């Protein structure tokens with residue numbers, strides 16, 4: 001890193017008004033000795049000004065309470081936040097929760113899984129988000145060419161691949177799913193997190209775990225045999241079919257349920273939609289409560305309730321990564337990076353989410369010990385959809401968007417794809433200028 | 001070829017009692033000058049004895065009428081037919097039409113496409129057929145090690161890959177779909193068949209046409225733009241969505257409708273099932289009529305009615321291929337062969353169906369000019385299913401069979417896969433000894 | 001082909017004053033029925049005006065004698081020759097025989113093989129030729145964008161790769177070595193040329209023959225065991241070491257002697273240089289004699305003496321290729337084309353010389369049955385040198401040129417490379433403006 | 001690791017009578033806290049009994065002096081040493097220094113580089129060593145199937161590849177060259193070794209350094225520009241040609257001098273041979289002096305003079321590696337491992353020497369940031385020679401051995417190869433039973 005360690009780092013958080021921000025601030029406080037932050041810039045857009053102020057003040061109280069000289073700045077001016085930054089993180093939602101609501105709702109209406117990061121919902125989120133992210137990249141290229149961009153914005157795999165393909169910004173995509181599994185594994189076997197090493201094969205939100213080393217011994221067969229399964233806390237946990245699991249020879253991660261249990265998941269979502277509204281509605285209520293808490297001037301640390309929000313350990317993952325990049329730590333983390341030849345049947349310039357060694361030069365993906373034959377087709381199918389989606393987002397070409405939608409495994413036919421695409425593009429018109437230019 | 005051309009060739013037709021045989025005989029008669037057949041052995045099993053005799057006698061009358069010294073032999077003894085043969089063709093249906101009926105019926109019952117060569121139906125057909133084919137290969141390895149095995153038995157791609165992987169027999173898989181398109185293209189543009197050259201990308205029954213040269217000029221865009229489409233005669237023709245076609249940039253062949261129009265195709269099949277029974281029932285009636293005709297001792301040539309049967313130009317494709325292998329003709333034919341590195345993301349030992357130059361050493365697949373990004377995922381997904389199916393057929397392993405079924409794009413979930421697999425294996429118990437061994 | 005067959009083709013021969021031209025004209029005359037030439041333009045530069053006139057008049061007499069309406073035009077204006085051409089052939093020597101003399105002489109002086117197409121001599125020839133060829137390409141791109149450029153100019157592999165990499169011109173590189181072997185094989189076994197099919201593995205002038213089918217049977221082991229060897233007529237034939245040949249399991253072609261018998265070849269060249277001057281001197285004398293003959297107004301056909309010149313069957317190879325491109329003949333020819341993935345360890349955009357099927361769209365290289373492990377290193381080493389040479393030729397960068405020279409297997413060390421490069425660049429200063437720009 | 005850490009590890013050192021052993025013992029003593037050795041078995045053959053006793057007693061005195069409970073055992077019985085071992089190291093010289101003398105001498109006589117690990121000398125060393133190593137592997141497979149075999153025996157790349165291809169033993173090959181460069185780099189820039197990270201591209205003793213990170217910044221251009229170069233202490237240091245270095249864009253390691261400066265190296269070796277005898281003679285004298293020292297009962301630590309021997313930091317590298325394997329340390333080390341797809345043009349099962357992350361499961365090679373085009377040919381050529389040498393060693397086939405020799409870049413022709421091979425096989429007859437079986 002080019003920064004002078006004595007002076008400390010400058011970090012810009014795009015979408016700084018997010019309810020997750022206190023977790024990130026907590027992380028910076030805890031690692032201050034190894035990685036001193038000089039300036040922390042929280043950036044948001046006009047629509048987020050109110051939240052930004054609430055969260056920003058909490059952040060300032062947290063830093064003060066910790067007695068650290070971190071300068072927390074709030075701004076609506078993205079460019080001044082980015083200028084000279086060492087790290088830029090992005091955690092944002094183009095179109096706000098309202099757009100997510102539509103992403104979840106419209107597909108369900110047509111009999112298709114409606115989900116924030118995969119399927120037609122994820123696709124529309126990508127179409128809205130990629131142009132904004134690339135716009136931010138233009139600023140980084142100009143104002144902070146040596147900065148690392150850490151991307152948490154979903155769909156993280158697509159967003160990361162878009163940046164890798166269409167900008168010169170150094171970027172890494174991050175998901176909390178791997179760190180959650182690592183913690184789960186360590187807890188399950190009563191060892192420290194440092195003593196476990198799972199092997200992840202796949203792409204963001206389409207992951208299989210093919211080995212689970214605990215103190216050097218692979219416990220995968222044991223885990224598969226018992227039908228145990230790792231589940232994020234924001235969904236009902238339920239068991240995989242044990243015959244399926246044994247014959248798969250790998251542990252599917254949570255989002256694979258949309259593909260392997262499409263019927264059940266669809267039914268659940270539909271029912272839940274009728275009862276509780278979309279997941280967006282639920283999140284919306286949780287966020288309101290959180291911001292009420294954040295307003296309390298006596299609150300000077302991250303409130304427990306944030307953990308219910310669903311993004312557990314995001315901040316830990318992010319701070320871990322910055323720490324390794326900054327100190328050339330060379331530890332192993334599971335990250336979204338350029339494929340190179342790691343998964344040999346996917347394009348070299350695709351993003352994948354695999355174990356990497358993180359050096360000061362960035363994450364170096366590790367060759368995989370084993371890619372089960374079973375999963376290659378599904379993995380390739382979803383990556384095909386992702387790459388087409390990026391192309392559509394960048395060009396605004398409806399034909400490419402149609403191909404992306406048609407070739408998504410959750411979309412049952414060309415005619416459903418066409419209907420969904422038409423309706424969803426229209427509903428997102430405001431955020432998709434390139435699709436509606438004259 | 002090792003045969004002495006003066007003495008002529010020995011050809012063994014496994015499943016010789018098939019209603020298609022007269023077409024093959026007609027082909028041999030027409031090409032006699034370039035490729036003299038000395039002995040033509042029609043082989044069948046005990047259950048097929050009656051049909052074999054009817055067809056065999058017709059074949060003998062046809063040869064006599066043509067005044068050619070082809071010795072047509074009928075036998076139930078496969079080994080004597082194979083011994084010393086130059087060519088062995090396989091065209092058979094393990095479990096007869098009754099099994100096909102089940103392959104079509106059971107999936108429909110569970111809301112899944114029921115089809116002879118793809119989906120769960122095609123999978124069960126493969127599980128029944130592969131062990132029988134490999135058994136025939138053992139005979140060929142012993143009794144006619146230099147013979148070429150020409151395989152028309154469906155699912156032809158899977159059967160060919162099974163032989164390539166599990167025997168030393170020289171084999172090629174054949175489908176009539178490419179020759180039909182070639183004829184269609186020539187007719188459409190008013191040129192000779194020799195003057196057209198389409199490029200096929202994919203695997204058996206999962207094909208995209210990516211170029212259509214007519215006298216050296218590519219007419220593909222013209223064909224796509226007009227929404228024209230090629231269709232086998234055994235199905236209702238209907239137009240592809242023109243936006244889809246244009247954005248695909250390739251012409252999908254018939255069987256892709258099961259994947260791209262799953263909902264419509266399912267509805268049609270269900271309706272047709274209720275009205276006319278399965279396609280197996282229809283074929284059954286056609287065959288009965290054909291055999292009535294074949295019995296007529298005054299019939300001395302292939303009857304016109306055979307063309308309604310649905311396998312148009314199979315015989316022409318087969319005789320074409322034998323001709324090129326025998327005379328080192330080095331022309332271009334579209335065949336099922338070992339991938340090598342032609343489609344770079346599929347396994348080297350997978351079968352693919354692409355343009356090949358046919359020399360005396362066998363077909364050499366031609367590198368593809370272009371594999372559209374759009375189709376890679378779907379193609380990989382279906383090939384994954386195919387390779388798993390072969391492994392299941394050879395091992396009798398239910399776990400592998402479950403993985404094959406789960407990862408077929410037409411099967412909506414693990415639970416449907418499990419139900420279908422259980423019911424279909426049970427219904428085919430008689431033909432699947434390796435799945436039911438103690 | 002876009003030309004109207006009724007009107008016939010326009011062919012431009014760059015370097016039309018070459019002594020080879022009568023062979024080419026003879027070829028056009030013999031194939032006139034299948035491939036009617038309307039206009040044949042012979043182009044040369046000012047220094048070649050005299051030769052052009054002699055050869056051009058002979059060509060006109062040949063055409064007249066044959067009674068064909070081919071319009072033979074002589075010009076120093078390359079652009080009018082190229083405009084609207086269907087085929088452009090290049091057969092030229094930048095720097096004339098004087099430059100070849102230096103290419104052969106200087107390396108010998110420093111203890112290194114001095115040869116026209118390989119080693120330091122071939123490298124300097126490439127540095128002189130590539131810029132001129134690319135300049136011609138600019139004209140073709142502008143004036144005849146649909147033309148095929150057939151390149152015979154040596155080093156043909158490098159020149160072809162340069163065009164493939166740095167222009168949009170459709171090109172094929174041609175050498176007479178494969179057609180010579182084919183004729184040799186046919187004669188050796190008393191069959192027609194159509195009945196043999198050798199498999200060539202490698203790049204121009206660095207070729208191994210790995211199969212030699214004669215009527216469908218591979219005769220390679222027979223040929224290797226007997227120590228037979230194919231040799232061009234312009235060199236002393238001598239036998240390969242039989243143990244070497246057997247363990248190699250392939251037949252090395254002529255130019256491999258420079259690599260496998262470096263010491264003997266060097267000694268021979270040195271001795272011959274002292275006795276007869278360089279090969280350039282010999283050729284110089286032969287050409288003088290030929291042009292004396294060509295002047296004879298009674299000569300109306302290709303004189304027998306041309307065969308001594310060393311380029312036997314060049315014209316046949318060229319006319320063969322045009323014929324196949326023009327008529328979509330789809331026969332197999334051995335040509336210099338883009339690698340694609342055919343030789344999997346070489347770059348995709350490298351040129352290789354392998355069997356191709358020639359369609360109207362161009363030559364499609366055939367996958368190789370076998371690339372012996374033994375030869376991979378040497379093949380890769382020479383291709384590395386070739387690609388570096390192209391880069392040096394295009395950029396005029398001395399560092400790249402040094403790397404090319406250092407990594408050529410015939411150059412023994414960095415210090416020899418540096419000495420040779422310095423001296424040879426200086427000697428070719430006139431033809432290498434990009435290396436000597438201010 | 002399966003050993004119970006409380007009980008400590010068992011290590012077997014094959015070739016334990018080597019003069020290097022005290023360095024290894026010193027390493028074990030220094031790391032005892034992190035990696036406690038319970039039993040250290042020093043094994044040798046009958047001819048080495050005398051040396052084994054001298055070195056073994058020194059080892060025992062060193063351990064006693066350190067006050068550690070390491071049980072040092074001396075044995076001629078390899079199997080008892082291997083049984084149940086956690087680590088087996090091999091450091092041996094089949095044929096002793098006498099054989100090395102011949103490896104160096106005979107090639108020089110025929111005008112070819114005579115060197116212990118590369119060229120014809122290295123090849124004969126490999127032919128002698130591979131069968132013995134594979135014999136040891138048979139014992140490990142039977143008696144210590146979970147052991148890691150750490151191989152220092154030269155030529156380490158070939159020996160490691162032989163084990164990877166022909167046994168099930170878990171193995172890593174080790175050279176001191178990378179650790180030396182790392183130390184050099186750290187010293188040069190005044191930082192700790194932990195703060196540097198060079199990138200090595202290549203195979204054992206054929207290495208290019210393509211990046212040299214110091215505190216995260218790449219200093220390579222700086223190093224190349226200055227013409228600095230790293231050199232092992234057992235050779236005269238001299239500068240690379242600066243133009244060559246700059247245009248290469250990488251730092252060649254020591255052994256590349258044999259390829260890039262063949263003429264100079266040959267002249268030096270020849271002169272030195274005449275003056276001082278072979279390098280084997282020099283080593284012989286150094287070893288005699290060392291063993292005189294080792295005999296001294298008052299010597300209780302590694303003597304300084306050992307550093308003159310030329311194998312500096314071998315022991316540190318070895319103990320580092322064991323430490324990481326034992327503790328799952330996940331640090332980066334440069335090791336000889338299976339290629340996988342890391343260097344994409346070399347066979348997957350070749351050994352390469354690159355940066356690896358060392359986990360408890362073994363070293364995982366890191367993808368390379370850059371493989372310069374310039375070096376690919378030479379690298380492939382030498383690897384071709386290596387793989388052929390292994391095949392020759394395992395089969396005893398003279399034809400394969402001839403191909404290996406012919407295709408080594410330092411061997412100028414088939415005839416020289418044949419002469420050298422004949423003479424060198426004969427001279428090593430005693431150690432090459434498979435080449436001389438009836």
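In case you wondered, yes, glycine gets a Cβ from its N, Cα and C as well.
Record features, source TrEMBL:
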BINDING   B:100, B:154  substrate binding site
SITE      B:116  site 'Increases basicity of active site Tyr'
BINDING   B:175, B:205  Mn(2+) binding site
DOMAIN    B:200-411  domain 'Glycosyl hydrolase family 4 C-terminal'
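Close to residue B:175 (Mn(2+) binding site), meaning Cα to Cα within 10 A, are the following recorded positions out of B:100, B:116, B:154: B:154. Taking Cβ-Cβ distances under 8 Å and a sequence separation of 6 or more, the neighbours of residue B:154 (substrate binding site) in its chain are B:116, B:117, B:122, B:125, B:129. All protein chains shown were included, and the count of other CB atoms within 10 Å of the CB of residue B:100 (substrate binding site) stands at 24.
Here the Cβ of residue B:175 (Mn(2+) binding site) has 27 other Cβ atoms within 10 Å, regardless of which shown protein chain they belong to. Here residue B:100 (substrate binding site) is positioned 17 angstrom away from residue B:205 (Mn(2+) binding site), judged by their C-alpha atoms. The Cβ of B:116 has fewer other Cβ atoms within 10 Å than any other of the recorded positions B:116, B:205. Within the model, the domain 'Glycosyl hydrolase family 4 C-terminal' (B:200-411) shows a mean pLDDT value of 90, rounded to a whole number. DSSP gives residue B:175 (Mn(2+) binding site) a coil state; it is part of no helix or strand. In three-state terms derived from DSSP, residue B:116 (site 'Increases basicity of active site Tyr') belongs to neither a helical nor a strand segment and is classed as coil.
When secondary structure is read from DSSP and collapsed to three states, residue B:100 (substrate binding site) falls in the helix class.
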